[in-house]
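S.K.: Taken from TrEMBL, the feature [4Fe-4S] cluster 1 binding site applies to C21, C57, C96. Residues or ranges marked as [4Fe-4S] cluster 2 binding site in TrEMBL: C174, C178, C181. The domain 'Elp3/MiaA/NifB-like radical SAM core' feature in TrEMBL is assigned to 164-384.
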Amino acid sequence: MTDHPATTTKLKNLHVITWGCQMNVYDSARMEDVLRPLGYRPVSQVEHADMVILNTCHIRERATEKVFSELGLLKKIREDRLAQGHDRMVIAVAGCVAQAEGAEIIHRAPYVDIVFGPQTYHRLPEMVARAARAGGHVIETDFPVDMKFDFLPAEAAPQTPENLSAFLTIQEGCDKFCSFCVVPYTRGAESSRNVASILTEARQMARNGVRELTLLGQNVNAYHGLDAQGATADLPQLVRALSRIEGIARIRYTTSHPRDVTQSLIDAHRDEAALMPFLHLPVQSGSDRVLKAMNRGHTADEYRDIIRRFRAARPDLSISSDFIVGHPGETDADFEATLALIRDVGFAQAYTFKYSPRPGTPASAADFQVDEAVKDARLQIVQKLIRAQQDAFNGALVGRDVAVLLTHKGRKPGQVVGRSPYQQPVIIDAPEHMIGRIVTVRILHTLTNSLAGELIRETICA
Ligand code: 5AD
Ligand code: SF4
C-alpha cells in the first residue's frame, strides 16, 4: 500500500467522466479508490465537484477534439463556481488522450491542472498534492516499470454490494502493433499483474457480493503473470484459481487476440464450469491481404480453424468479434472475403467500425485510403449481416432454459434483468429480492438487443 501524503479530513467532491472501454471504467473506479483517503468522495453532478477527472479514450474518431470541447465546458463551470464563492475546481485529464497528447493539452488548455496517463494513476494523491502546492501543472505520462496495480490501496474493492458483475483488470498494453491502432502507443507494452494481487482483489470482490468476474486486458489471453512460486501462470491457470474462490460463479474475459489462443484456453472452455460460453475474439477482416496489411499475424483460415477448435470443445459457445471496414487498400473483393468469413463463422454479436486514421499509426500514412462513401456502404452491409446473425442466434434460444444471473431491476415495475451465459441481457418478471441469484429462465421471445423470459426454477438448470 502507498504512503499517501498529508491527508485532510475536509470532505471534497470528485466527479470522474469516463469515455471508452471497460478498462477505462475499471481505471475510473480505481482513481476514486486512490483519492478516497484524501477525503474525495464521488458525486454525480459535475457542478458540485471540487475535482473533475476526464478519463479519456483515444480509439475512436475525433477523441482529442471531444476532450478540448469538454474542457471548455469545465472551464466555464469552474468560473461559475468561483463566482459563487466555491473553492477552485481541480481539472485533470487522464487516460489514453492524456498519454498521447501530454503537454499539448496544457499548451492548448492551460487551465488544466493535471495530465496523467493510464499507467500512473496510483500516484494521483501525490500529483494532487503537488498541483496544490505549486499551483502549476503536473504532467505524468511515463510508463513506469512497476505495475500500477501493485500500488493500489489493498482495500480497493470498488464494488458496492449491489454490484454483482464486476470487471477486474489483469493485463495491460499491447505489443502487436496493428497498423490502425493507437493502443501500443498509448497503453505501452504488454504487462501482466501477478496472480496473488489478482486473487486478493477477487476475494475482496467476492466478499462484497460479486458473483461474476470479467477479466480485462487489451490482450487478455496474452496474460502471463507470476504466481507465488515464481512460475508464470497463463489465463486458463488463472481462471482455474479464480473459479475456486467462494462466491465466484461466473468468469468471462475480454479482449482476446487470435495469436494468443492456446489449446489449454480452448480446453478450459470445456472443463471449467465457471468459464462462460462467450468468446470475444476480434478478427477485423476476412481478407488475407488486408489482415497482412493490418499486421494481424494470422490468416482468415487460421481464424476459422481456431473457432472450429473452440466449438469442438464447447459447441454452444457464442462468438463475438470486431470488424473494421475500409482499411487502406481494402477492395470490393477484400470486403466480400470479410462477408464470407462472417457467413462461415456465424456470430452471436459483433462490433463494426469504419476505418478512421489515427495520427502516428502506419495505416494513417498509407496510400489508397478508401473513400468515405464506400466505407459507409460497406458498414451498412456488414451491420445488416451481423444483425441477421444476432437475431438468428437469439431466436434459437427461444423455448430453451438458460441460467441467468439476476443483477438489477428492470425499467418496468416488477421486472428484473440479468445475463444469460451467452452474454445477452434477459428480462423476467420476478421479485426484487431475487437479484443476486442465478436462476433458470425459459426464453419466451427476443427483443432488439435482449431476451424476454419467464422464471422456471429458483436454482440453476443442470
Ligand atoms: N479505426 C476503426 N476502428 C478501430 N479500432 C481500433 N482502431 C481503429 C481505427 N483506427 C477498432 C478495432 C478494435 C476495436 C476496439 O476498435 O476493431 O478491435
Ligand atoms: Fe490494437 Fe491490435 Fe493491440 Fe488490439 S491487438 S490493442 S487492435 S494493436
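Glycine residues also receive a Cβ, built from the backbone N, Cα and C atoms like all the rest.
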S.K.: Inside 10 Å of the Cβ of C181 ([4Fe-4S] cluster 2 binding site), count up the other Cβ atoms and send me the figure.
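M.R.: Counting Cβ neighbours of C181 ([4Fe-4S] cluster 2 binding site) within 10 Å gives 22.
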S.K.: Could you give the Cα-Cα distance between C181 ([4Fe-4S] cluster 2 binding site) and C21 ([4Fe-4S] cluster 1 binding site), in whole Å?
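M.R.: Just about 14 Å between their Cα atoms.
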S.K.: Under a criterion of Cβ-Cβ distance under 8 Å and sequence separation of at least 6, what residues of the same chain contact C178 ([4Fe-4S] cluster 2 binding site)?
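M.R.: Listed in sequence order, they are Q284, M294, N295, R296.
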S.K.: Roughly how many Å separate the Cα of C174 ([4Fe-4S] cluster 2 binding site) from that of C57 ([4Fe-4S] cluster 1 binding site), to the nearest whole number?
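M.R.: C174 ([4Fe-4S] cluster 2 binding site) to C57 ([4Fe-4S] cluster 1 binding site), Cα-Cα distance: 15 Å.
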S.K.: Enumerate in sequence order the binding-site residues C21, C57, C96, C174, C178, C181 whose Cβ-atom distance to ligand 1 is under 6 angstroms.
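M.R.: Listed by sequence, the hits are C181.
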S.K.: Of C21, C57, C96, listed as binding-site residues, which ones have a Cβ less than 6 Å away from ligand 2?
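M.R.: Going through C21, C57, C96 in sequence order, none turns out to be close to ligand 2.
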S.K.: Under 8 Å Cβ-Cβ from C57 ([4Fe-4S] cluster 1 binding site), six or more apart in the same chain: what's there?
M.R.: W19, G20, C21, N24, A63, G95, C96, V97
S.K.: Give me the count of other Cβ atoms within 10 A of the Cβ belonging to C21 ([4Fe-4S] cluster 1 binding site).
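M.R.: The answer is 19 other Cβ atoms.
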S.K.: Over the domain 'Elp3/MiaA/NifB-like radical SAM core' (164-384), what is the model's average pLDDT?
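M.R.: Residues in the domain 'Elp3/MiaA/NifB-like radical SAM core' (164-384) carry a mean pLDDT of 96 in this prediction.
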S.K.: Residues other than C21, C57, C96 within 8 Å, Cβ to Cβ centroid, of the [4Fe-4S] cluster 1 site?
M.R.: W19, G20, M23, N24, T56, H58, I59, G95, T186
